[in-house]
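Copied from Swiss-Prot, the annotated features are:
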DOMAIN    5-280  domain 'tr-type G'
BINDING   14-21, 78-82, 132-135  GTP binding site
Amino acid sequence: MTELSKYRNIGIFAHVDAGKTTTTERILKLTGKIHKIGEVHDGESTTDFMVQEAERGITIQSAAVSCFWKDHRFNVIDTPGHVDFTVEVYRSLKVLDGGIAVFCGSGGVEPQSETNWRYANESEVARIIFVNKLDRMGADFLRVVKQTKDVLAANPLVMVLPIGIEDEFCGVVDLLTRKAYVWDDSGIPENFEVKDVPANMVDLVEEYREMLIETAVEQDDDLLEAYMEGEEPSIEDLKRCIRKGTRTMAFFPTFCGSAFKNKGMQLVLDAVVDYLPAPDEVDPQPLTDEEGNETGEYAIVSADESLKALAFKIMDDRFGALTFVRIYAGRLKKGDTILNSATGKTERIGRMCEMYANDRIEIESAEAGDIIAIVGMKNVQTGHTLCDVKHPCTLEAMVFPEPVISIAVAPKDKGGSEKMAIAIGKMIAEDPSFRVETDEDSGETILKGMGELHLDIKVDILKRTYGVELIVGEPQVAYRETITAMVEDQYTHKKQSGGSGQFGKIEYIIRPGEPNSGFVFKSSVVGGSVPKEFWPAVEKGFASMMNTGTIAGFPVLDVEFELTDGAYHAVDSSAIAFEIAAKAAFRQSIAKAKPQLLEPIMKVDVFSPDDNVGDVIGDLNRRRGMIKDQVAGITGVRVKADVPLSEMFGYIGSLRTMTSGRGQFSMEFSHYSPCPNSVADKVVEQVKERKAAEAKK
């Protein structure tokens, strides 16, 4: 087994098309894991192994790959850059100790790279920066370095400088060693020479080397003092300082190269070894109670502790069901019986594998620091904790965003319903941001997801992987309802039909709640007019109705219910009677509280070439967008806006038309906002028409 200090669990993340997957391919080639390099544009890359990924040239699932470099074991996760698949980024950041943030040398800090950077900051994942594609037209390393400061508020620590640019790019100067690494044009990564710094770069190299040293020695007071007195620190001392500053995210070591042309990659791999943390150098994962509150205990990263592992991904592939697991503490051996603390059930570990994209090598055991796949686990879902039967525990839960878009689907073949249900069940286990519901009125199957592309891919997987062809309805927006006025009201539930009856009277106030508060229940009852034992029934009854509002049947948000008084009968009152009273109170009073329809607002980030900015902004305004910011770059303008989701369907096609294919955009859910009356009326009418059409079927 590899020593814990020599593990590196890293993710590679960036904007769509910045070169993440190609970077991963080069890492695998250099570490000897693959012999022929797969190219993304050929549909042959190792980590993009789904048919949909190969065809679209984007990464959808986080593929996990193990490899070795200089006696260190890398567990590498290649994450998607498209915003519809950010759940994969969330998921992988949870189990990573460090990362490589890839930026395009010409595109710079693009919309999705900003989102991923924010997620990585929130997860406190140490990173190095790799500015890729320096062989591209318009590439400018130092411009991208400046963008990371200006746009991401990052502190990039320049470690190398490029030799040549665009077509002339041939290598890099290592600022620490003052050595130039120059590659030939064969595309073979090992074909390079180590030379002296080119004469025309000496002054620039010394300038940036001095900045590097000044930043690094701030991590060590003694070194800083010695440096101020004119003593130059050794390379080993500098590396130690850079490692410390990287781990605390004081700065981000920044490299450059061309993954596609195989130039500069070795220095990035060396940086992973030298600067990114081992599993026992990051803050340990907190343990929680059943409600998700931290207990004050932690999963100490050590093979000698009791087992604590997190199932972070479920996949169904040609080999069967795979559960990807990060082991935080303890050991796991083939044949062990472990506890799933979420279900309370035990499972016996059959086969365990070290993953290499869509291939695998079976292993007998694994321990703290490992990322592995377990074959054939039955009752495990993403986010479940796997632990020692004698030492139950729960790791901090994974939180996933709520879906904002839905489509109705039905199998083309009438006998395909069961096949579809089984397939969708497997897909939900794999992707927690993908949901399914059955419409109570129509009986239709409703698929919910994070965006058009997300659901498009799911329909494609159902067809190709599971052989289920679907009839797909128009995308539907996840509207919500709320109230805008306070109502003081009462309701009495009374039923007598011989024998003991049912009785429950409640007096209450409903009022608008705080934003994002959901449903809040309070009781100010005094004197026992409604005994305390019935309060939970009142809360349960009212809360159960929050899924169906009175305007158009959408879920209701942000309502506060206060139970103020009431009455009960010693014989006829029961929990069920008060629950029924609360349900009726909802129907009676929500309609009086001036209900309002809410629509999801998306945070939209658009890149437009300079000559199309006017068209792009005009189009966003027509879509009821509110422009928040415009940031000028070298190659175009970033426009940030809040836009209703209902106005964004088909936007990618419009943007491509307006910008001749050069525009890009990302969007993510921001908040719910009141619908204008004209929009609300239209939505209500559409719901009525849909229900009328369903009633005729």
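Quick reminder: no glycine exception, Cβ is built from N, Cα and C everywhere.
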Taken over the domain 'tr-type G' (5-280), the predicted model's pLDDT averages 82
Close in space but at least six residues away in sequence, with Cβ under 8 Å from that of LEU134 (GTP binding site), the same-chain residues are GLY105, PHE141, PRO162, ILE165, GLU166, PHE169, CYS256, GLY257, SER258, LYS263, GLY264
All chains considered, the count of other Cβ atoms within 10 Å of the Cβ of ALA14 (GTP binding site) is 29
DSSP, reduced to three states, assigns LEU134 (GTP binding site) to coil
